[in-house]
Amino acid sequence: MNYLVMVSFALLLMTGVESVRDGYIALPHNCAYGCLLNEFCNDLCTKNGAKIGYCNIQGKYGNACWCIELPDNVPIRVPGRCHPS
């Protein structure tokens, strides 16, 4: 039984686990991508590995792109100020 658990654990480590989340895709300095059209956001999100994206009109950060199932390696907007350069 212990052998089966160890083999399963080793396989899990070797294959890795890709996790995803939903959120506003972020520019550098914690700024959300502004939008007017769903097509812009869908293209942006899917090019960054998300399942789909759309323009969230009048959302928490104004008109901004919301991505569904965005990979963890792509930054999302987090609470706090946007600091454009």
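Glycine is no exception: its Cβ is also placed from the backbone N, Cα and C atoms.
Taken from Swiss-Prot as is:
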type     : residues    : note
DISULFID : Cys31-Cys82 : disulfide bond
DISULFID : Cys35-Cys55 : disulfide bond
DISULFID : Cys41-Cys65 : disulfide bond
DISULFID : Cys45-Cys67 : disulfide bond
DOMAIN   : 21-83       : domain 'LCN-type CS-alpha/beta'
SIGNAL   : 1-19        : signal peptide
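Under the DSSP three-state reduction, Cys82 (disulfide bond) is assigned to coil, being neither helix nor strand. Geometry remark: Cys82 (disulfide bond) versus Cys67 (disulfide bond), CA distance 18 Å.
The DSSP secondary structure for Cys65 (disulfide bond) is strand. Counting only the Cα atoms, the space from Cys67 (disulfide bond) to Cys31 (disulfide bond) is about 14 angstrom. Spatially, by CA atoms, the disulfide-bonded residues Cys31, Cys35, Cys55, Cys65 include one closest to Cys45 (disulfide bond), and that is Cys65. Cys41 (disulfide bond) is 15 Å away from Cys31 (disulfide bond) when you measure Cα to Cα. Straight-line distance linking the Cα atoms of Cys41 (disulfide bond) and Cys35 (disulfide bond), rounded to a whole number, equals 7 Å. For the pair formed by Cys65 (disulfide bond) and Cys55 (disulfide bond), distance between Cα atoms is given as 5 Å, rounded to the nearest Å. Counting Cβ atoms from all protein chains shown, Cys82 (disulfide bond) has 12 others lying within 10 Å of its own Cβ.
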